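K.L.:
This is the structure I have questions about; it appears just below.
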Amino acid sequence: MRLISYDPCPCLSPQTRLQAGVGYGNTFSCIRTMYKRESVFGFFKGMSFPLASIAVYNSVVFGVFSNTQRFLSQHRCGEPETSPRHSLSDLLLASMVAGMVSVGLGGPVDLIKIRLQMQTQPFREANLSVKSRAAALGEQPAYQGPVHCIATIVRTEGLAGLYRGASAMLLRDIPGYCLYFIPYVFLSEWITPEACAGPSPCAVWLAGGMAGAISWGTATPMDVVKSRLQADGVYLNKYKGVLDCISQSYQQEGLKVFFRGITVNAVRGFPMSAAMFLGYELSLQALRGDQAVTSP
């Protein structure tokens with residue numbers, strides 16, 4: 001099986017604002033409010049650091065998944081080529097390993113992105129027992145850029161602060177990778193006629209898009225918790241951990257709070273993942289001169 005890619009973090013600013021911010025009724029209200037307050041640049045706030053690190057992140061995580069799956073296949077069958085069908089257990093374990101590695105690499109990147117995005121958001125000081133630092137800072141942003149954000153977090157919270165929300169990210173990414181890789185593999189095989197050596201570009205596009213929508217849609221509840229934990233600390237500290245965040249969020253906003261941003265996640269998941277899968281597979285085909293898009 002060839003390696004397939006997974007988006008390391010939600011890149012759209014409205015998704016983060018809906019999940020961790022206040023005062024947004026729905027997706028369109030969030031978009032209008034952001035544009036009114038911050039113009040079009042608000043939609044790209046905090047993206048410089050993720051864009052600068054995405055190549056390294058993907059290279060490592062993709063390599064871990066591909067090599068883990070290949071190792072498991074060799075251990076089970078002797079040679080990967082001797083097994084024409086993919087093993088669910090191999091894919092499941094390889095996806096879980098990739099999910100764990102992704103948190104180690106992507107946790108700090110996601111944290112910096114969310115902190116930079118959320119520092120312009122309103123907060124409810126009246127509902128908090130902790131005194132907000134915003135009163136002392138006034139309207140001045142807490143962070144002046146990615147480097148200053150990293151330095152501030154390390155200085156005030158230590159190195160462990162860069163992995164704030166890592167437990168919630170593990171609970172999001174491990175199942176998220178499983179529900180990304182596995183549906184893609186089996187959907188692409190199901191769509192592809194048996195006479196074909198590999199899925200067509202159309203099959204790759206459709207299977208990749210469906211896998212992306214499934215993965216991000218089901219990951220939304222834990223994505224909400226992760227975003228809130230990582231945004232916590234920009235000006236104040238409200239949550240003590242994953243369970244406390246879940247408890248407070250449920251008590252204050254009900255069950256529906258865990259599905260905030262699901263529309264953004266699912267809608268963007270299809271075209272983004274479809275293009276990602278197709279671009280990756282076609283690039284491999286061009287580099288290796290394969291006749292089929294993917295190897296069986």
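Every residue, even glycine, has its Cβ placed from backbone N, Cα and C.
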K.L.:
What range among 42-65, 162-185 does TrEMBL record as transmembrane segment?
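P.N.:
Spelled out, TrEMBL records transmembrane segment over residues 42-65, not the other listed ranges.
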K.L.:
Can you tell me the mean pLDDT for the repeat 'Solcar' (86-190)?
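P.N.:
Mean pLDDT, the repeat 'Solcar' (86-190): 81.
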